[in-house]
Every structure is written in structure tokens, then in C-alpha cells.
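Before any comments, here is the structure.
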Amino acid sequence: FLTFIQDFSKAMSQAGSSQFQEVIRQELEYSMKVELDKILATAHSNEIEHTKKDLEGFKKLFHRFLQEKGPSVDWGKIQRPPEDSIQPYEKIKARGLPDNIASVLNKLVVVKLNGGLGTSMGCKGPKSLIGVRNENTFLDLTVQQIEHLNKSYNTDVPLVLMNSFNTDDDTKKILQKYSHSRVKIYTFNQSRYPRINKETLLPIAKDVSYSGENTECWYPPGHGDIYASFYNSGLLDNLIAEGKEYIFVSNIDNLGATVDLYILNHLMNPPNGKRCEFVMEVTNKTRADVKGGTLTQYENKLRLVEIAQVPKAHVDEFKSVSKFKIFNTNNLWIALSAIKRLQEKNAIDMEIIVNPKTLDGGLNVIQLETAVGAAIKSFENSLGINVPRSRFLPVKTTSDLLLVMSNLYSLNAGSLTMSEKREFPTVPLVKLGSSFTKVQDYLRRFESIPDMLELDHLTVSGDVTFGKNVSLKGTVIIIANHGDRIDIPAGALLENKIVSGNLRILDH
């Protein structure tokens, strides 16, 4: 510490604050290296190799984090993307499909981001194992979709799951049940990085273990980690050797992210003969999506700009639906050869997302993360495709779960499609209160899922339960005040109704 003080006073006497900052930065990097070396020294011989890779990756990220100053985008340089850089889906679909669509499909790999836990919905274990429709989980539906493709076209499209250390064990146990399905399933793990104390900027972990009280010391560093982890796992090279050319990447909780043959054909047989290395599916913003990342033109490249990167003075402009009409669905199509090339050159550039967290004991930590779509600017000949809203159907909350469980959607071969009986193709706005946050509470409050075919808006707050065969139409607002309870009776029809106060229907 004494040398630190000496360096400090030396730097100050030179009156150069940039030199001072440089000294501080070097001190922090050195301290971090010392701590990471201590952690690595606690690894068993069979863990050393991958722990070393993880900590090296983290060190690079930490180095970049210390280098960066202020928002990572210069607002003045942001422009609307040129017309042809975001193509309407209709135009791509109008090209039709070639006769040999099977040979095109055989070049594809489906990758699902499966690192998340179901904690926000009150579930333990991987989110992908939550039941979403007729007892089927997110993972079941994904396997069914790809199996249907492989059977219909006599192809061999594999499924790859990017797990995290949080989801890997539980997911692998479940995979045995698909051993007879017509889908090859591979997994690889994203990195495991140490959370750092917000005050000291040093890791809170003292050793490599991540069970028991140490679970809070580590985190998976966001889905931008896919490029390095996929490459490091060896799976990328194996798939290239098998003749695979593109991956279709999406979040496992986006039930709209099915393989689209028209987009795949556009990639494999581009109209101008020049293949895209990266395609991002975007869709039009609604009021609910104002915070979603958007595609812009920046220094002559397509670039994904997230709300966290926007200077405070421009946040409202960023959210405006008139200037930025689209947002990123995180459905991405990426050339495998390009990932390999860029990864080997260390040329994938993604902005760092600083994610602050407060641990159960009250300690403030930060996680350094990256987002998969942010790499778009590193690839050649990137393209946005403006797809129908139906390709973005994420299930983040029980409000979303209610929509996908209802008769608004029909299920066919693992894919959900909006019921033809619904007159408006838009999805109703559903807001369930905190009594419904956890999946088990939510399920307890619905004896059966209501008929929602003609629903526009539903808000439910407080202690509310629904009997069997309830129908909801138009705008329905149900509010049970604190201490009150509302039971919607079986067979009730609520159309453009506000229900509040106390309502108990007692059996005779």
C-alpha cells in the first residue's frame, strides 16, 4: 500500500490526472491478477484447464472495463440504418423456396441460449424446464419443433444448448428422455466469471468452488459469451467439419423463434450472390418494447445500441417509436466460419454491460457482461430482417405464461400459432399482480385458463382467483384491495368490466 501512496503522490505532483488514472488502473489490474491467481491455485487438477480459460477471459473483460470511459456510443454519430440494410420479411418470403430445401437445412444448427434460471418466476432450476403448454416445457417444445423439421424434410438439424454452470447438471439429466427422438443434442457451457465487490473492484470469491455459500460469488457473463465458449468447447470446429454453415441462435424462452426456411434460403442463396455473415431479426416496437435494443448505422456499420449505452440526455429520444421503430428480437443467424475467423483474430468487439447486483447479505457487487447481438458490427455484410411480431413471443413472467397457455394460441409440432378465431392479430396486454409472480401461486389461482380470444387488456391485482371456464373480453380490470379477496365464479363472462372490493361465491 505504501508504494501505492508513493505512486499516488508522484502522479499528483506531475499534475497529470490522466497519468494518475493510469497508475490507479495498473494497480487495480495487478491486484486483480493476484486475487485470480489465488483462486486458480485452489482448483483441482481436473478443473485447472477450464478455470484458467474462464479467468483469462474475465481478465480481458476487466481490462477493457477499466479502459472505457463514459457511454460507449457518441450520440452524434448515430444514424438511421440505410433502407436496404433492414429488409422487410415479406420481400424475403416472396422469393419462395428452392426444390432442394433439405440440402439447405442440412447446413443449419439450432442454438438455444439455456443459461437462465427460473428464479424470476419463483422456480428452482433451469427456466427451460418450466411447463408452458400441456405439460410441455420450453425444452420439450424446442425438441418437438426440430424433430418435426427433420422428419418432414429427412434432414439432420442438430440442437445445441448453451448452458451455464447454474443449468448444466439439471439439463443434462433431462436430456436422457430425448435419446430416442430424431434430434442430435449437444451442449456446451458458457464461462463462469467472478462477481466483483463494487467498492474494491476485487473478486468476492476466495476459491473456485461454486456450491453452498459460494454460489453468489460467480455468474455467467451474458449471452455475448457464446462466441468464445462455443469456440473453446471444440464444438464449433466439429460442426464445421460436418459441413454445417450457419447457426440460428435464440433465447430458449422465446416461443416464436422457430426455424424459418425463407430466411435460411436468403442466407444460403443470396440474391446478389454475396452471403451475409450475420442476420438479426428485428420487429416493430410497441409501447411495451421501448427499452429494447435497436439497430442503427454507426461509422458505416450496422450497430446494436442498447438503452444502457445511451447518454441520459437522449434516453427519451431512444425510446421514441417515431425515430427508432424496431428492436432486436435476439433471433440471430450467424455464419460458423465467420465466428471461427473472428474468434481466432480476437476481433469480436462487444460493449461491456455493467450489471449491478445486491447480494442477499446486502453486499453490492457488479457483473461484467456482453450481449450476443452487439457483435453485429464485427461481421461482414450484416443484415437486419424486419419479421412479423409472431416471431417474438418471450415468456419472462407469468403474465406471458397466461397468454401462451390460453386459447389465443394453438400448438402444432412444438410451434405456437395465433388462433385463427382471433379477429385482431395483436396480443392482449396482460398485467398480473404480485400474487401471481411465482408459477405455483399462478397455477393455484386459475382452476382453468380463461377464454381470452376476444380480450384486449387484463389487469389483475391482489388476492384474486378464477373458477373454471371463465371468459374475458375487451378490457377487464380486477382489483382486490389489501385484506379483500375476489373469487371469479366458474362460467363467468367478464366483458369491459372493472371488478373491485370483496367477492366470494360460496357453495351452497
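We count from 1, first residue shown onward.
Including glycine, each Cβ sits where the backbone N, Cα and C put it.
Annotations in TrEMBL come from automatic prediction, not curation.
Listed in TrEMBL:
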type: BINDING; residues: K127, Q190, G222, D253, K396; note: UTP binding site
type: BINDING; residues: H223; note: substrate binding site
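Across the structure, Q190 (UTP binding site) and H223 (substrate binding site) place their CA atoms 8 angstrom apart. Considering only the binding-site residues K127, H223, K396, the Cβ with the fewest other Cβ atoms within 10 Å is that of K396.
Residue environment of D253 (UTP binding site) contains 22 other Cβ atoms, counted within 10 Å of its Cβ in all protein chains. Largest Cα to Cα distance within the recorded UTP binders K127, Q190, G222, D253, K396: about 21 Å as a whole number. The two recorded residues, D253 (UTP binding site) and the residue listed as 'substrate binding site', show a Cα separation of 14 Å. Counting only same-chain residues at least 6 apart in sequence, those with a Cβ under 8 Å from the Cβ of G222 (UTP binding site) are I353, N355, E369, T370, A371, V372. H223 (substrate binding site) is 15 Å away from K127 (UTP binding site) when you measure Cα to Cα. All protein chains considered, the CB of Q190 (UTP binding site) has 28 other CB atoms within 10 Å. Across the structure, K396 (UTP binding site) and the residue listed as 'substrate binding site' are spaced 16 Å apart at their Cα atoms.
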